[in-house]
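What TrEMBL annotates here:
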DOMAIN    41-224  domain 'BPL/LPL catalytic'
BINDING   Arg85, Gly86, Gly87, Leu88, Ala89, Thr90, Phe91, His92, Ala154, Ile155, Gly156, Gly167, Leu168, Ala169  substrate binding site
SITE      Lys151  site 'Lowers pKa of active site Cys'
ACT_SITE  Cys185  active site, acyl-thioester intermediate
Amino acid sequence: MRLPAVRLVLLGRLPYNELLALQERWLRRLQAEPGTEALSGAEAGALLLCEPAGPVYTSGLRGGLTPEETARLRALGAEVRTTGRGGLATFHGPGQLLCHPVLDLRRLGLRLRTHVAALEACAVRLCEFQNLRGARARPPPYTGVWLGERKICAIGVRCGRHITSHGLALNCSTDLVWFDHIVPCGLVGTGVTSLSEELQRHVTVDEVIPPFLDAFKETYKCTLISENSSN
């Protein structure tokens, strides 16, 4: 049986607003296609990967930041954006892997719930590749991937007409101090961590991309086709 294909778009370090603009172009591209015959052959959409070029706080459909908090965070030198993903406030910045799959779930035989579970499984598998065996997903409201009581990967997605956007943010060498200025995902009493923190060495985003892609192909049962980021 032929596996569905997903376009891989590696963006390197990128301002967050440029990631959102590219995501929107892919959304329009998929939404313009007729039903389950989206794109050519068995293609299911695109996998956008990048490392944020600067500090950004984002809030989701459930809010998470008051006007006063927004002003305070901007005074720290961070960008603040409201997005259409699920969840509350979180942080994105250098040293973090952002993965935004823009996918027609019908082409992959998935529903929204299984898509979220698949994203969690990718992050857990990546941690296992790094010999962090304790990584696990937790049920809502603790969606994401955790090592004990510390979240290493946040997940927030949007889905309309079976097409997904947004995705996951995995801390590789993120400066975790930025999280001190918010209550990440609205979860009081929990912490955050990173691969670098857990492994006690510097782990770059570039280092984890190859094993992450292996985990993605394994979990989503798809092939990846490289595409120039300008597309």
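Each Cβ is built from the backbone N, Cα and C atoms, and glycine gets one as well.
Keep in mind that what you see is a predicted model, and the values were worked out from it rather than measured.
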- Note on the structure: Span of the recorded substrate site, as the biggest CA-CA distance among Arg85, Gly86, Gly87, Leu88, Ala89, Thr90, Phe91, His92, Ala154, Ile155, Gly156, Gly167, Leu168, Ala169 in Å, is 15
- Students should find that the Cα atoms of Lys151 (site 'Lowers pKa of active site Cys') and Leu168 (substrate binding site) sit apart, in Å rounded to an integer, by 12
- Query: What mean pLDDT does the predicted model reach across the domain 'BPL/LPL catalytic' (41-224)?
  - Reply: 92
- Message: Using a 10 Å radius around its CB, how many other CB atoms surround Ala89 (substrate binding site)?
- Response: 23
- Item | Neighbourhood of Arg85 (substrate binding site) by C-beta distance under 8 A, where only residues 6 or more apart in the same chain count | Thr58, Gly60, Leu61, Gly156, Val157, Arg158, Ser165, His166
- Query: Can you count the other CB atoms that lie within 10 A of the CB of Gly87 (substrate binding site)?
  - Reply: 25
